Structure formats: C-alpha cells, structure tokens
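Under the heading N-acetylserine, Swiss-Prot lists Ser2, citing similarity to another entry as support. What Swiss-Prot lists as topological domain 'Cytoplasmic' is 2-77, and the listing cites sequence analysis. Among the features that Swiss-Prot reports, domain 'v-SNARE coiled-coil homology' is placed at 14-74. Residues or ranges marked as ubiquitin cross-link by Swiss-Prot on the basis of similarity to another entry: Lys66, Lys68, Lys77. The transmembrane segment annotation in Swiss-Prot covers 78-98.
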Amino acid sequence: MSTGPTAAPGSNRRLQQTQNQVDEVVDIMRVNVDKVLERDQKLSELDDRADALQAGASQFETSAAKLKRKYWWKNCKMWAIGITVLLIFIIIIIVWVVSS
C-alpha cells in the first residue's frame, strides 16, 4: 500500500497544474472581455460620429441645393437683363434708321 501516499503528491501536483491552467484561462478571458467592452465602446462612439456626419452631410446637401437654385435664378435674371438691354438697343437702332 505504498502507492497511496506517493499517489497523493502526484495527484496534488496535477491538480495544481490544472488549477494554474484554469487560472491562466480565466485571466485571458478577463482580458478578452475587457477588450470586447472597449471595442463596444469605441464602436458606439464611432456610430455616434457617423450619425453626426450623416446629419451634417444632409444639411450640406440641402444648403447646396438652395445655393444652386439661388444662383440659377440669379443667372436667369442676368440673362433677362442682358436680353432686355439688347432688345432696347435694337429698337433704338431700328427707330433711328426708320426716322432717318
């Protein structure tokens, strides 16, 4: 029965090795959980920034469309003024030629 006392120290050693491995895995898992939580926080911040950027882009698009329309009308007015001046000039020339 000498196997009883010698088996106990070997068994304790294996149990201690297993416990050390379990502790190591637990530490690794804690680090992994912390990394996942950090990643989640960063993703949340990135999502918020993306939403803000989308809102800014929509506002820019609206402002650009209004500005485009404003300058289109301004261009139309300039063409109308130019055509009116040209017509008045042509009428003056016609009246001057006819009256001469």
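Cβ from N, Cα, C; glycine included.
It is 14 Å from the Cα atom of Lys77 (ubiquitin cross-link) to that of Lys68 (ubiquitin cross-link). Annotation note: Lys68 (ubiquitin cross-link) sits in a helical segment as assigned by DSSP. Shown in sequence order, the list is empty: the chain has no residue 6+ apart in sequence with a C-beta less than 8 angstroms from the C-beta of Lys66 (ubiquitin cross-link). Around the Cβ of Lys68 (ubiquitin cross-link), the same chain contributes no residue under 8 angstroms that is 6 or more positions distant in sequence.
Under the three-state DSSP scheme, Lys77 (ubiquitin cross-link) falls in the helix class. In the structure as shown, the Cβ atom of Lys77 (ubiquitin cross-link) sits within 10 Å of 10 other Cβ atoms.
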